[in-house]
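Student: Feature table excerpt (TrEMBL):
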TRANSMEM  7-24  transmembrane segment
DOMAIN    11-454  domain 'Major facilitator superfamily (MFS) profile'
TRANSMEM  56-80  transmembrane segment
TRANSMEM  92-112  transmembrane segment
TRANSMEM  118-139  transmembrane segment
TRANSMEM  151-170  transmembrane segment
TRANSMEM  182-203  transmembrane segment
TRANSMEM  334-353  transmembrane segment
TRANSMEM  365-388  transmembrane segment
TRANSMEM  400-424  transmembrane segment
TRANSMEM  430-450  transmembrane segment
Amino acid sequence: QLQNKILILTICAAGIGGTFQYGYNLSIINAPASYIQMFMNTTWLERMGAPLESSVILLLWSFTVSAYPLGGLAGAVAAGPMAIMLGRKMSLLLNNVFVIIAAALAGFSRMAKSFEMIMLSRFFTGVNAGVSMNIQPMYLAESAPKKLRGAVALTSASFTALGLVLGQVVGLRELLGGEESWPFLLASNVVPALIQLTALPWFPESPRYLLIDRGDKESCISALQKLRGTSDLSAELAEMMEEQAAVKGQRAKNPWELFQNPALRWQLVSIVVLSSAMQLCGNDSMYSYAAYVFEEAGIPQDKIPYVVIGTGSCELITSVTCNMIIDYAGRRPLLLGGYIFMAGWAVIFMVALSQQTQISWMPYLSMACIFAYILSFGIGPAGVTGVLPTEVFDQMSRPAAYMICGSLLWFNLFLVGTAFPFIVKSLAHFCYIPFLVVCVCTALYVWFFLPETKGKSFLEISEEFRKWNFKTKTRAGFYKGPEEIKTTTL
């Protein structure tokens, strides 16, 4: 059917220059790490006549790595105003400018003998990823029919995983990960940007944005016809008109207004808990330190890059599987199952690491745990977390909700990336205890407080949360103290 083709092509056009870039840029920096550090040293030697100390090189390298999440944080904050003022589609298109600047900086850094250009390049790729991580799921979920909303918004996670795998593959020594070709590897993110700039203009803007934000009913119907074909649009249009009436006279909210609004309390707590848990559950640490863990597990040094590709492929396979089942299984079971399994694997992983020198087959068990952990993350938390802000907030609160989500996601990525080496140093084999606690607490939160959103309209979901928010309010006389405490601890 033509309309399904249009929807699929819209997803691909948004994804290739969107969350694909997040995954791709996260993984391409790992392969040339040693070459870039050597480049920093030789550049400094040429400039100053003296080499850098190893501790200073490490510090410069950590600045280079952390420039990415800092850029992401800036992008997440910019994404809200961009989505409101420019629209979802135009924001995604304009976002490619950051990648093009970043690719030029990284590509010419060796020629210009400037490692500062690499740091700046990583900051701009971060900005690009920060914007797309927020706007792409919003654009896709608003463009999808209700019965496919979960699966369509979840493609953002599939594109992230695809980017991770392709970044690992392109970063192999045989391709662009060699000593001569690393500037081309860092500049290769310009290709997806150019593909998106060519493809996305042909597809429609989010119909919900056109009707509710812009009040342009004709464009909304035209966009819906492109996306849905000739099928009857009256029910979907009526639902949108209902939502438009519900937010009539309101303007798009700022992030701090969400915190002040008692009608949004539980929605906000839910996305804060889940967005934080997505990074604090230790999945990205599995990637960052997979090579280290595999080395400890006794894998030969030259085989490690190929095993690491297996970890990325795991997440890709599960996020595609999750895509197929989310609108049947629901959001709650996938989140719950994901975090419970991750908690289980974390325990086995720590036991396996601690017994590694005593029992000969333990290294293989710890390797299996890495794969199982990433599979468990991919099946639920990886994708569902990005879908929820679209579903639990109305049109006027959604961009601000994504700003909060995105800021937390990037801040926590920075936090875990900085803290994990120290956690490993102090806790050694038991380095996953903090992540285990996060997984258990998140699973308990989902079990007790998160309603199912599968197959419901945005207004029905708002109604369900309203019951929660005002149930708490009626008991305010008794529960005010503990409620305050509970909110701050979360």
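Glycine too: its Cβ is placed from the backbone N, Cα and C atoms.
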Student: State the non-local partners of the transmembrane segment (400-424) in its own chain: residues 6+ outside its ends, Cβ under 8 Å from one of its Cβ atoms.
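Tutor: Long-range Cβ neighbours of the transmembrane segment (400-424): 62, 65-66, 69-70, 72-73, 75-77, 79-80, 83, 126, 130, 133-135, 137-138, 252-255, 257-258, 267-268, 271-272, 275-276, 278-280, 282, 284-285, 288-289, 389, 392-393, 431, 434.
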Student: Restricting attention to the domain 'Major facilitator superfamily (MFS) profile' (11-454), give the mean pLDDT.
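Tutor: Mean pLDDT for the domain 'Major facilitator superfamily (MFS) profile' (11-454): 88.
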Student: With Cβ-Cβ distances below 8 Å as the criterion, list the same-chain residues six or more beyond the ends of the transmembrane segment (56-80) that contact it, or say none.
Tutor: 22, 25-26, 29, 33, 36-37, 40-41, 91, 95, 98, 115, 118-120, 122-135, 255, 399-400, 402-403, 405-407, 409-411, 413-414, 417-418
Student: Which listed stretch (92-112, 151-170, 334-353) has the most C-beta pairs under 8 A with the transmembrane segment (365-388)?
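Tutor: Between the stretches 92-112, 151-170, 334-353, 334-353 has the largest tally.
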Student: Based on Cβ pairs under 8 Å, which of the stretches 92-112, 151-170, 182-203, 430-450 lies most in contact with the transmembrane segment (334-353)?
Tutor: 430-450
Student: Below 8 Å between Cβ atoms, which of the listed ranges 92-112, 118-139, 151-170, 430-450 makes the most pairs with the transmembrane segment (182-203)?
Tutor: 92-112
Student: Do the transmembrane segment (118-139) and the transmembrane segment (92-112) share at least 3 Cβ pairs closer than 8 Å, excluding pairs fewer than 6 residues apart in sequence?
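Tutor: Output yes: the transmembrane segment (118-139) sits against the transmembrane segment (92-112).
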Student: Can you work out which residues elsewhere in the same chain, 6+ from the ends of the transmembrane segment (92-112), have a Cβ less than 8 Å from its Cβ atoms?
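Tutor: Here the qualifying positions are 14, 17-18, 21, 39, 75, 82, 86, 118, 120-125, 127-128, 131-132, 135-136, 139, 183-184, 186-190, 192-194, 196-197, 200-201.
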